[in-house]
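Structure first, commentary second.
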Amino acid sequence: MEVMRSQKKASSALTSSNGVSTLNLYRSAPTLEVRLEDFERFAVDRLLVLRGISDGLARGKKPDEMEKLVADLLKAHMRHPQASEVNNKDIISHFVLRLVYCRSEELRKWFLSMESTLFRYRFRSVNSDVHLSLMTELGIPYKVVSQKEFEDLRDQLNLVARSANQPLPTPNGLYKVSFEEVPELVATRKVFIQKGYAYVALNQVVSFVVPHFRSHLSKALVLTNRKWTSMIREQEKDRLTPIVEALATSYLGPDYSQDKEVGEISLKDIDQVARTSFPLCMQHLFNTLRDDHHLKHGGRMQFGLFLKGVGLKLDDALAFWKAEFSQKVGAERFDKEYAYSIRHNYGKEGKRTDYTPYSCQKIILSTPGVGDHHGCPYRHFSEENLRAALGKMGVSSRALEDVIEKARNRHYQLACTLTFEALHASSCDAGINHPNQYFSDSQKILKEKNMSTD
Ligand code: SF4
């Protein structure tokens, strides 16, 4: 996408009644003037909407719940201080994310699915004039059914509507389209068909507009990927490319470099808080370290930064790691080979960067090798090992089946959220996005419970 060119309107947009959502078809890339910080900020805002939709779908929300969720997400993230800029924000954010998500089959699939869902629910919230304009713009041939034709067919139309549990059709808002345009409605016998035409009520229009939107976007993503690899990536290597590459795996919440709300934990409490408040990934690393007195580099980084985030001070961290490692490699070798990297994590060596704990997304995308124990158990454990680990944590057999099903369907963070909910008998509507968030939320719940029983 060309970022720095000025032209106000690049794509048709239809504003819905809530003033937040605009309905664009994103047919051609915009040539809007975009500041670099908006390029990234708008994309992050849209990503929050798409990730919220993904979470809602994974939780099995019903269509009316999804409709509310999408409206709330749009209100929360897609507003702009200037009403006139709402549409530009929508367009820019979509095209930036196209660049981000065009780059692999897996990314394309996710983006296509989330954008189509977003479009579907926005489409439901706009009025019939907008629906007809969109059909025209998409080039979907339709004919308005005349009053006479409606009267001639009234009995058959009513019969189909009743048997499909649909509202009875009225002469206003009934259209004829080629039956090939509406395979979903034909397959479920929800439309009357005659001479190659399906008679479609306005409330059914969404079922054939969305596949058009989806198919156009699918092709566009493939083309964008070609342009990205042949040209844009190299041309923009110092400016946009680093932003685009970081966005797909970016974690959008707090960094938890030091959890201010929970405070510090001391060495004497570590076994107890590990049992009650560490997520499975960290419990696994903790138990492995206790059993083997060793962790390879990936495990030391993932677990060490987590401990720093939960409030373990540097001196305590050094004592903790030394107590374990020295049993395997001896105290001297620990001081020589391992203490440096712990101090490094706390920003006391090397470039003195204060490193932040890893997010779930980063952990899930890691690739542990043989002998490694880092990673996310919901993704990296076999089903058998996951079952055993969850049972050991105390997850009831009923909740366990739900967790396993989510993990099997690759909803790893949702599986972790369900584990959290089962173990704390408390809901976690925001979902688990960070191991330190798991810890922090768990500690808050346990403290509240303790206070109420005092
Ligand atoms: S979802 Fe996140 S917190 Fe939970 S086990 Fe996986 S990486 Fe850890």
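Heads up, the Cβ atoms here are built off N, Cα and C, so glycines get one too.
In TrEMBL, annotation is done automatically, which means it is predicted and not curated.
Same-site candidate for [4Fe-4S] cluster binding, as annotated by TrEMBL with CYS360, CYS376, CYS416, chosen from CYS281, CYS428: CYS281.
Neighbouring residues of the recorded [4Fe-4S] cluster site, listed in sequence order and excluding CYS281, CYS360, CYS376, CYS416, comprise PRO279, LEU280, ILE363, ILE364, PRO377, TYR378, ARG379, TYR412, GLN413, ILE432, PRO435 (Cβ within 8 Å of the Cβ centroid).
According to its DSSP assignment, CYS360 ([4Fe-4S] cluster binding site) is helical. Around the Cβ of CYS376 ([4Fe-4S] cluster binding site), a 10 Å sphere holds 27 further Cβ atoms from the protein chains shown. Every protein chain considered, the tally of other Cβ atoms within 10 Å of the Cβ of CYS416 ([4Fe-4S] cluster binding site) stands at 27. In this structure, the binding-site residues under consideration are CYS281, CYS360, and the one with the smallest number of other Cβ atoms within 10 Å of its Cβ is CYS360.
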